[in-house]
Amino acid sequence: MPKYRSFTTTQGRNMSGARSLWRATGMTEKDFTKPIIAVVNSFSQFVPGHIHLQEVGKLICGEIQKSGGVAKEFNTIAIDDGIAMGHSGMLYSLPSRELIADSIEYVVNAHCADAMICISNCDKITPGMLMASLRLNIPSVFISGGPMEAGKIQKNNKTIKIDLVDAIINGGKSHISDDFIKDIEASACPTCGSCSGMFTANSMNCLTEAIGLALPGNGTLLATHIDRKNLFIKSAQIIVKITEDYYKKNNTNVLPRNIANKESFENAMMLDIAMGGSTNTILHLLAAAQEAKVDFKMSNINKLSKKIPHICKVAPSTSLYHVEDVHRAGGVMGILGELNRFNLLHKNTRNILQLNLEETLDEYDIFSTNNPDVINMFQAGPGGIRTTKAYSQNFRWTRLDYDRKNGCIRSCKHAYSQDGGLAILYGNLAKNGCIIKTAGIDAKNYIFSGVAKVYESQEEAASSILNGEIISGDIIVIRYEGPKGGPGMQEMLYPTTYLKSMNLDKTCALITDGRFSGGTSGISIGHISPEAANKGIIALVKNGDIININIPERTIHLNITEKELSHRILQEESKGPLSYKPHSRKRYISSALKAYAFFSTSADQGAVRDYKKISNI
């Protein structure tokens, strides 16, 4: 039977000093026999997805205490990718994932916490916490702050839904009035919560639900709705229960690595493909799988992408639906339920409820459940009131979206396409693979050829787009923006969004060894591996080259001869120390970012640290 880890600091005469310090935090004699549960919060006044989490932390701590645990809260950092976007701040976003994972390991291991509950929400915070939980492998529960309500504006006497991406698109249109832009800007992000589309934050919160480390509703129940409070309370109760199950009953099934096994990762990826989630999720799942010691690679994702239909299309891939609409249609469990009816899922994976997936779907799929509380939860909708307060409104839809032919979630029979919403492409330009969100592309553009225009920074590319230097048929190549070359693998939301501003998003493509925001759509291919800084072929592309993209065949090809390619390699290598480095770019790189670049692997490995380098230190 495992002993509480915390007994290292709470038991025995030689720990009297530690107990004295614990007492100074408010603990009493009775607390020294209870499990110490780390409440890993990510509250921040910088981030709308995290602005409400201070109150959430207090609620969860109180419930843990009531349930028989000792709650000890600490904070991680949190970067808002939307605010950091389009300038040097984005260099820090992806590296913060590793910093978050490390900081959790430091605090939890230094204080010998027995378990942890992770209060996350936005882009790099959820994956950083996920990596930490799988690394530490102690009882863990995830609960996100919840998605933001969609923004709304009046246009042509109609109310239309908008989000952050709409604000960026219109900001890049020179003919749009300042007053209209201000109206959109003031309306796009009306409440606390993670941005309202199926961007990276909401995608990751949906995936933790599918993996089994978060409760049903985690990914889609609005931050502002009163039902979210119930989810926080239940999550706090469950972390105490599974902690006691592990330490008092030796139930190892509740440990993160036993929940997040290979089949669970595949279920999560199948969900991701079915809903056309953010391409960043692939990066984060690959990283998390390495922490879990699970053999899950790009090749596994490629196989899944060919058999999973695309059954849910949400902003930015459509303006019709946001995450609040996914919730009304049954949420993550609704999407998984449709995949399950086509026998596509691993049904024996288990979760923090200690149910297998089949049992969970029986209870939480709106087409299967007999539980009125479940139906009631999925009726939770937007209040339409600007607020930064958590669980502050109680609006409910009178009926759910059961339309599986034309609704927000479709059946596999009525899928948008039988080929999923994400795809992996290979070719001489990406020998180790690259990623495209097919959910955001018109079928007529699945096969695309164009002329390369090469840039060595996203700033340079964005400027060219706005200055009218890009024309239909161009393929913008942005290189040296990978994990090592950036460093930090910036998101290219501004260039792709400016293509929309210039009405070029359907007639141009953009490829990069960087990555994309979850808000990106169009012919946008990222994560090209190897990256330019790792001697990838993208470093050898020249202006005027023809690039061929074929999504049905899963290929991307630089249309030059092998002889020419060999010549370019020799040409680049002749530059000596200056080879495979950007030459036209001026960028300050801090020592922290240099350290990240030194240890980072390419995107096909999740942009995690190269442990071979670490082992040689």
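Residue numbering: from 1, along the chain as shown.
Glycine is no exception: its Cβ is also placed from the backbone N, Cα and C atoms.
Note that the coordinates shown come from a computational prediction; the quantities given were computed from them, not determined experimentally.
Here Swiss-Prot has Asp123, Lys124, Glu491 binding Mg(2+), and the candidate from Asp80, Asp81, Asp163, Asp166 in that same listed site is Asp81.
The Mg(2+) site, placed at the center of the C-beta atoms of Asp81, Asp123, Lys124, Glu491, has further neighbours from the same chain whose C-beta lies within 8 angstroms: Ile79, Ala84, Met90, Ser93, Leu94, Cys122, Thr200, Ala201, Asn280, Ser517. Counting other Cβ atoms within 10 Å of each Cβ, the binding-site residues Cys122, Cys195 show the lowest value at Cys122. The separation of Glu491 (Mg(2+) binding site) from Cys122 ([2Fe-2S] cluster binding site), Cα to Cα, is 15 Å. The local packing around Ser517 (active site, proton acceptor), expressed as other Cβ atoms within 10 Å of its Cβ over all shown chains, amounts to 31.
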